[in-house]
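Feature annotations, reproduced from TrEMBL:
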BINDING   C:Met54, C:Gly202  substrate binding site
BINDING   C:Arg129, C:Ser175  ATP binding site
Amino acid sequence: MTDFAVPENTVVTATAELLTRVRRQTPLVQCITNDVVVNFTANVLLAVGAAPAMVDIPEESGGFAQAAGGVLINLGTPHAERRAAMEVAAVSAQQAGTPWVLDPVAIGALPVRTELAHRLYDVGPTIVRGNASEILALAGAGAGGRGVDATSTVGDAVRAAGEIAQKTGGVVAVSGPVDLITDGRRSVRLANGHVWLTRVTGGGCALGAVMAAFAAVESDTFAATTAAVLVYTVAAEQAAAVAGGPGSFAVAFLDALASVTGDDVERRARVS
Amino acid sequence: MTDFAVPENTVVTATAELLTRVRRQTPLVQCITNDVVVNFTANVLLAVGAAPAMVDIPEESGGFAQAAGGVLINLGTPHAERRAAMEVAAVSAQQAGTPWVLDPVAIGALPVRTELAHRLYDVGPTIVRGNASEILALAGAGAGGRGVDATSTVGDAVRAAGEIAQKTGGVVAVSGPVDLITDGRRSVRLANGHVWLTRVTGGGCALGAVMAAFAAVESDTFAATTAAVLVYTVAAEQAAAVAGGPGSFAVAFLDALASVTGDDVERRARVS
Amino acid sequence: MTDFAVPENTVVTATAELLTRVRRQTPLVQCITNDVVVNFTANVLLAVGAAPAMVDIPEESGGFAQAAGGVLINLGTPHAERRAAMEVAAVSAQQAGTPWVLDPVAIGALPVRTELAHRLYDVGPTIVRGNASEILALAGAGAGGRGVDATSTVGDAVRAAGEIAQKTGGVVAVSGPVDLITDGRRSVRLANGHVWLTRVTGGGCALGAVMAAFAAVESDTFAATTAAVLVYTVAAEQAAAVAGGPGSFAVAFLDALASVTGDDVERRARVS
C-alpha cells in the first residue's frame, strides 16, 4: 500500500491544527470501556483537552451517543450490561453520524467478546484500533493473542487491516513498535512512542479514546486517527525522557499530553 | 442568604479541629460510586485520614451503611446492581442516622440516573453535592449539563440549592470556581481550589467522599461540609504549586491531603 | 511453628532466582478482582514483569484459567456476574493445575462475600492471602474486620493460618506489620514493608496478584509466596525512601517494582 502513502509534511501539519481544535472545542467523548483502564482513559482525555463521559448503561448509552462528539467502545471487560450498552451505542452513533472507535481487546480465543466484536464490526465502526493479533482475529484471519499481548506483528496484519477498512469504509490502526494506519486507500506508518506505553495498563486502550476525540473535530478520519497517534506517541517520548520507570512515566505522560505542542509533534514525528 | 453568612473565623477554626478529628478517628466511609473514580476516591480518603470501604452490592450495602461513619452515593456509572445497592444503603443510612452524601452526577438529560436521583432525594440526603447544572436539575429547575461539565454557574443555582436544603433539612454544596455551601439558613462561599482539580477525573467526585468523612466526625453538617471543602481545596492549591500538569497534580494532591495542616487551611482560606 | 522455620539464606536466594524467572517468562496472570484496585493491580503486575489479564465474566473466566499461569480471585466488590466468574475460574484452575490465590477481602460481617469465600475455600486455593481478621474469619475463628482494616493481629491468626494450610494443602499469607507465611509445615516471618502500603488502596490486594505471578513460575508455592512478599515489600521500602506522601509513594512503588534487583532483596530482607 506504499503507493498511496501520505506525504509526511501533510500528516504532520494536519496534526498540529487538529490538536489545536481538540483543545479549543473540548469534544465530548463517550467511553464504554473496561474497568481496568477507565480512570486512566478519562485522565488521558482530560489531559489532551477533551471531555470524557463514561455513559455505559444501555438505557442511557444510545441517547448519549447521538449527542457525543465521538464514542469509544472497548471490549476489555465485557460485562453483560455493558455489552448491551455497547450495541445500543454503536447503532445509535452510526445512525447519528457520530464517529465511533471499536477496540476489540483480546478477541480470538475468548468467546463472548469475539462474537460481540463481530457484531459491532458489522455495524461499521469509523475506526478500528487493535494490535496485530486482534486485527487478524477481527478479519477472521488469526486466532488472536493471549490477552492484550500481540503475538503477531504489525506486518502480519497489513492485509487484514486493509480488508477491514474496505468493509467498514473507515480507518484501521494497528498498534505495535511501528503503528500502521490505513483507510484501505491511503496508509501511513508511525514510529514514535516508547516501550513504557506497554508497561502501563491502558497505554493502548486510552489511545482509542483519543482517536475518538480527534475524529470528533475532523471528518477526514484518516487524518484524525493519524493525528491522535502522533500526539499520543510524541507525548510518550517526552514523558519517557523525564521518567524513572512505568509509574513515573504514566504521571509524566498525562503532563506531556497537556503540554505537547504542534511544534513538538512536527519536530519529533517519524512518519513513513 | 448573605444575612446568615457564617463569620470567617468560626469556619476556619472549626476546620482545623475537624481535620484533627478525622485523622484521629479514621472514620469508615462507605462509597457506592462510579467505576471511573473509585480508585482515586479511595486514595483520597486514605490520604486525608479516613478508611474507605466500597461496599456496593445490595445484599451488603444496607447493613454496612448502619455501621459506617458516613456514606457516599455517586451516580456516575449507575449499573443496575449498583442502583439497587444505592437505594438500600440510602434508606438504611437514613434509618440508622448515618450521614450520607448524594452526588447526582450528570443528571438532567440522562434518564436512569435522573429518576434515581429524585428517588434518593426523597429519602433525604444529609449532604447534596453537585455542580450548578446538577443542583438545578435536582431541584427541577434546569435541564442538566452535558456529562460532568456544568453549563450553569454557581450563581444560577443559589435559589435551587436553598430549596433543596429546605426540603432535605440538610446541606447543599455547589461546586464551581467559588463553591457555595448552604443549609438553607447559613451559607458560605469558598474561593480556594485550582483549575487542575477539573482536569483530573474524580476531582469533584472524591470531594463527596471527604464530605462524608467529615460528617462522620461532626454532627453540625454545615461545619463538616465546609471543613471538607476547605481542606480539599487548600490541599489542591499546595499540590498545584509543585505540579507540572494534571498527572503530577493528582499525585501531589494525595501527598498534600496527607500533610495539610490546620494552620495551612487557616492561612490560605478564602471565605466570604 | 518456629521449629519448621526456613533458613534465611534459602528464602532470600530463592527470591532473587524467582524474580529473574518472572521477568524472563512474563507469566500471564488472570485477575478477577475488585473495581477499586483493578487498575493498580494491573500496573503492579506489569511493573514486576508479569502480564495481567482481567478476564472476569463467567463465560470466559473458566477457559482462561486453564491457559493462565496463575489466577487471583479477590472478593473486594463481589458483583453477581463477577461472583459467577470467580466460581467458574476457581474450579477450572483447580482442575487444570493452575495455581490460584484467594483474597477474602473483608469477610466476616459481610454476608455475600463470606459465603462465597467459604465455597471457594472448599475448592482448595493454592494460596490464601488476607489480614489477620480475614484469616480468622475464613477459618471460622473470628468475626472479621471492618472492611479492609485488620482489627486482629498477625499473632492472633497463627493457628487459623495453620488450619487453613492443612485443609487446602496450600500456603497461607497473613499480612501485617510483620507478615506470616506458612504451608502448615514450614513458616516464615517477613518484616519488610512500609506503612504507606496501607495508605494506598490496593497495597494489599495487588500483592495477591504478585503471588499468583510467582506461583506461575515456581511449583514450590511456599517459596513462591515468600519471594512475592519479599520483592513487594523491599520495593515498598525503596519507594518510601524517595516519596513525600502516599501519592508519590504509589508512583515510586511501581518504578521500584520494575527496577528492584535480587541483590536489593538479599541486602534488605528481614526474615525470621
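Just so it is clear, glycine is given a Cβ too, placed from its N, Cα and C backbone atoms.
Within 10 Å of the C-beta atom of C:Met54 (substrate binding site) sit 28 other C-beta atoms, taking all shown protein chains into account. Each of the binding-site residues C:Met54, C:Arg129, C:Ser175, C:Gly202 was checked for a CB under 8 angstroms from a CB of chain A; the ones meeting this are C:Met54. Under a cutoff of 8 A between CB atoms, and with a sequence separation of 6+ in the same chain, the neighbours of C:Arg129 (ATP binding site) are C:Val101, C:Leu102, C:Asp103, C:Val172, C:Ala173, C:Ser175, C:Gly204, C:Leu207, C:Gly208, C:Met211. A 10 Å cutoff on Cβ-Cβ distances gives C:Gly202 (substrate binding site) a total of 27 other Cβ atoms nearby, all chains included.
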